[in-house]
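Structure record follows, encoded as structure tokens.
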Amino acid sequence: MPELPDVEGFRRVLRRAAGHPVEAVDVSDAGVLRDASTADFRRSLTGLAFGTPRRLGKWLVAPMHAPGRRHRTDEPSVVFHFGMTGELLWCPGEPDSRHPHDRVVFVTGAGELCFRDLRKLQGLRLAHEDAACDEILAGTGPDAEAIGLEDFRGRLGATRRQVKTALMDQSTVAGLGNLLVDEILWRARLHPTTPTRALADDDWRHLHRRMRSTVRAAIPTGRVPPRSSWLTGRRDQDGSTCPRCGTPVRRTRVGGRATVWCPRCQPS
Ligand SMILES: [Zn+2]
């Protein structure tokens, strides 16, 4: 499932489109268009150029503009959400080269930009102006890469929740998914079900620092890397052990999500 580092990777993919006008929008499956029709997408975007993309948590925004000048607040944006299985990639643009799950293809002078998605849980939204874009993003909390310690603590500590559940909530802090949260808690040596109200000053500092360092280490790889020195690299193997202490890792469900932790490094 795409998390902050994956979406940051898609932002780099999209950045290659900056300045290039959309020559055509091919929609082979309108099931990924949210609150807009194929005709609306085509009519609103064809002829406009991609601007500099930006990301908030797991959202990716492509502001559009008339070629040769900057984006204006009354011009549209395409807002991407990758759900469980979405990706954004450049395709060769040759006949018959398209993948069956390429739901929307933007044909540009830089090539064909494909939104590929197996399960179609989310998709593409069309914001006709910046105010509509702000509305789409309104329920999303500050980005996990950028949030400061005080804001982080204030938001997570404001409700009585388990720390994993709080970190997973996109309206609290945005961009963290199941793999990152397990990785961050393992690095911070916190048990996933620890109530946020039980965290001391040092715990908050430590958790915030580990969140940032984990996110920043993952971003260049465009995913949560399954390195053997990371908990993520051990989570899918039978009989796997903690990369730090060698203790067999434990598995359970927290907030309905498969959760992996080390009973020695992260005592409850
Ligand atoms: Zn351990």
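Quick reminder: no glycine exception, Cβ is built from N, Cα and C everywhere.
Keep in mind it's a predicted model, so treat the numbers as computed, not measured.
Summarising the annotation, TrEMBL assigns domain 'Formamidopyrimidine-DNA glycosylase catalytic' to 2-122. What TrEMBL lists as domain 'FPG-type' is 233-267. According to TrEMBL, the region 'Disordered' annotation covers 221-242.
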### Task
Quick one: average pLDDT across the domain 'FPG-type' (233-267), no decimals.
95
### Number of helical, extended and coil residues in the domain 'Formamidopyrimidine-DNA glycosylase catalytic' (2-122), per DSSP
23 helix, 45 strand, 53 coil
